[in-house]
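Novice: If you scroll down you'll find the structure; I have some questions about it.
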Amino acid sequence: MGEKQRKLLVLYASQTGNALDAAERIGREAERRGLPASVVSTDEFDTSSLPHHEEAVVFVVSTTGQGDSPDSFKAFWRFLLQRNLGNYWLQQVRYAVFGLGDSGYQKYNFVAKKLDKRLSDLGATTIIEKGLGDDQHPSGYEGTLDPWMLSLWRTLYQINPKYFPKGPDVKIPQDEVIDKPKYRILFHKQEKLEPKLLSDSDIIQRARGMSPGKLFKDKSKPDCFLKMTRNEVLTKAESTKDVRHFEFQFVSSTIEYEVGDVVELLPSQNSSVVDAFIERCGLDPESFITVGPRETENSSFSEEMITQIPIKLKTFVELTMDVTSASPRRYFFEIMSFYATAEHEKERLQYFASPEGRDDLYNYNQKERRSILEVLEDFPSVQIPFDWLVQLVPPLKPRAFSISSSPLAHPAAVHLTVSIVSWITPYKRTRKGLCSSWLASLAPEQEVNIPVWFHKGSLPAPSQSLPLILVGPGTGCAPFRGFIAERAVQAQSSPVAPVMFFFGCRNKDTDFLYRDFWESHAREGGMLSEGKGGGFYTAFSRDQPKKVYVQHKIREMSKRVWDLLCDGAAVYVAGSSTKMPCDVMSAFEDIVSEETGGGSKEVASRWLKALEKTGRYNVEAWS
């Protein structure tokens with residue numbers, strides 16, 4: 001009796017969709033080599049069954065923020081941490097880990113690294129060294145994924161040739177196989193639809209509830225709507241940046257929030273671009289559709305689609321498909337090649353989708369930040385069916401911002417501090433951030449209701465008795481404006497702990513965000529006054545020949561910082577995710593080392609890690 005067919009299990013944990021894309025690509029590449037593969041999210045997998053997967057298991061996990069794991073990974077990870085599992089629980093399992101992260105962050109690919117160690121501790125055997133995809137790589141995470149996959153296939157073949165009966169490098173040609181789209185679109189005759197009066201919230205919930213993937217499963221319906229009441233430029237005309245102060249009021253319902261919370265806004269797409277996309281795809285914007293997973297051998301979703309209320313196609317595109325700003329992923333070009341009728345377009349698309357064309361695709365697509373519409377216009381012979389477009393067009397994602405107001409100081413209002421994103425591509429094309437440029441274009445008198453979701457960020461609201469050391473260069477000052485405003489209100493009726501704040505920007509005269517606010521609180525008797533035990537310290541990096549940053553100012557105030565830490569202060573850091581968080585941490589390590597009598601950096605690092613574990617060192621960084 002012959003040996004049973006080998007299989008590959010690919011488990012992924014994704015927050016933004018990149019890990020899902022990578023996992024599906026691994027699954028597709030395995031099947032093209034004759035190895036059946038199942039691709040499953042960690043939150044849909046029975047973790048207790050993992051020891052029974054004696055064949056190969058590949059884990060694809062992303063790391064977000066400062067070493068945070070995706071929401072879909074948390075329950076899976078808690079299960080693996082159970083002490084009763086023992087060192088031999090996974091002794092039959094062979095595994096490989098591929099991580100997606102950004103080396104600009106201090107805890108680069110932290111989730112993949114800790115998963116790899118835990119699997120090994122539980123007795124599993126690694127197939128190959130873990131792969132670490134890096135957003136900073138010229139080709140993104142795929143720059144690491146391509147050679148890592150090649151090594152994976154060849155190592156599996158060495159372990160057991162049954163994995164690839166024809167060899168690890170023999171693939172079914174791309175032009176001979178095409179997957180079925182995962183989603184099915186039903187078009188409805190308008191005359192058969194019953195008219196329903198729906199609120200904006202219901203329409204958004206309906207559209208995003210049909211949207212592919214698990215990215216929106218817990219937040220299809222907005223928490224509420226906001227209306228802009230103020231749009232103020234904070235930077236001077238001479239500045240190289242455009243930073244705005246926005247104020248909003250609640251529409252119909254009010255949501256309670258705390259300082260340090262984050263609000264996500266769903267931006268509006270340019271209606272003319274949406275119309276052009278729909279026309280380019282040969283679709284009727286007024287048609288009504290329902291969207292649902294395609295039926296498979298093991299499951300039927302027809303009942304789910306029957307219970308859905310149809311939605312207008314244009315509304316669905318506007319609310320769920322980012323056709324105006326996001327660049328398509330590599331798989332989009334592969335599917336395009338199947339539908340190209342012009343031979344030269346087909347060849348170009350196949351090249352872009354191949355490992356050999358990866359760098360050229362990156363230069364054409366990601367570096368230029370080409371939109372879906374621009375790519376489709378560059379290949380006019382391609383006519384992709386709408387079910388494929390629903391699957392492949394990047395989802396329209398809410399954009400997250402740190403709230404810069406306090407509910408105590410600014411009742412029934414939400415304030416945001418937003419840098420308006422704009423850049424020039426290598427081919428000298430001006431590109432703008434979708435959400436920030438849209439917000440900048442709004443006038444307070446416009447009746448635009450913005451759908452929003454509130455949630456906790458990485459900066460927990462501090463009690464008024466907790467001393468604070470705040471570090472917020474640039475727009476990193478946003479959450480701390482709320483912190484200071486709230487503590488100033490609290491101080492009117494009861495004692496509050498002191499606050500030190502370190503702010504930085506390029507130029508004092510052009511980029512000093514909220515200057516009057518900070519300086520008023522730094523005066524005698526103010527929340528940031530040294531007389532109250534606090535302080536306000538500024539670093540203007542370009543105002544002198546030698547650049548000065550917040551970490552330099554922190555070191556200058558070494559004694560006062562240490563005294564406040566000894567009094568139980570918590571450190572809060574917010575701002576750019578590039579070098580700043582690491583440089584600030586290094587400054588605190590120097591202070592701890594110096595003030596404790598010249599101890600080593602390693603001892604200081606452990607001391608600060610203890611602060612992190614007890615919630616006294618918090619970082620919120622963004623790219």
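In case you wondered, yes, glycine gets a Cβ from its N, Cα and C as well.
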Novice: Record says Ser14, Gln15, Thr16, Gly17, Asn18, Ala19, Ser62, Thr63, Thr64, Gly65 bind FMN. Source is Swiss-Prot. Which of Asp121, Asp135, Asp146, Asp169 does it list for that same site?
Specialist: Asp135
Novice: Measuring CB to CB from Ser436 (FAD binding site), give everything in the same chain under 8 Å that is also at least six residues away in sequence.
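Specialist: Non-local contacts for Ser436 (FAD binding site): Arg399, Val418, Ser419, Ile420, Val421.
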Novice: Within 10 Å of its Cβ, which one of these binding-site residues (Ser14, Asn18, Thr64, Ser402, Thr475) has the largest number of other Cβ atoms?
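Specialist: For the binding-site residues Ser14, Asn18, Thr64, Ser402, Thr475, the Cβ with the most other Cβ atoms within 10 Å is Ser402.
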Novice: Helix, strand or coil by DSSP: which one applies to Ser436 (FAD binding site)?
Specialist: helix
Novice: Counting distance between Cα atoms, which of the binding-site residues Ser14, Asn18, Thr64 is nearest Arg369 (FAD binding site)?
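Specialist: For Arg369 (FAD binding site), the closest Cα among Ser14, Asn18, Thr64 is found at Asn18.
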Novice: Given a 10 Å Cβ-Cβ cut-off, pick out the one of the binding-site residues Thr16, Ser62 that has the most other Cβ atoms nearby.
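Specialist: Comparing the binding-site residues Thr16, Ser62, the most crowded Cβ belongs to Ser62.
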Novice: Rank the binding-site residues Leu434, Val548, Val550 by the number of other Cβ atoms within 10 Å of each Cβ and report the first-ranked residue.
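Specialist: The largest 10 Å Cβ neighbour count belongs to Val550.
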Novice: Go ahead and report the DSSP secondary structure tallies for the domain 'Flavodoxin-like' (8-153): helix first, then strand, then coil.
Specialist: 61 helix, 34 strand, 51 coil
Novice: To the nearest Å, how far is the Cα of Ser402 (FAD binding site) from the Cα of Thr16 (FMN binding site)?
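Specialist: About 18 Å separates the two Cα atoms.
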Novice: Let me make sure I understand the span of the FMN site: among Ser14, Gln15, Thr16, Gly17, Asn18, Ala19, Ser62, Thr63, Thr64, Gly65, Asp135, what is the greatest distance between any two Cα atoms, in Å?
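Specialist: Of all Cα pairs among the recorded FMN binders, the widest measures 15 Å.
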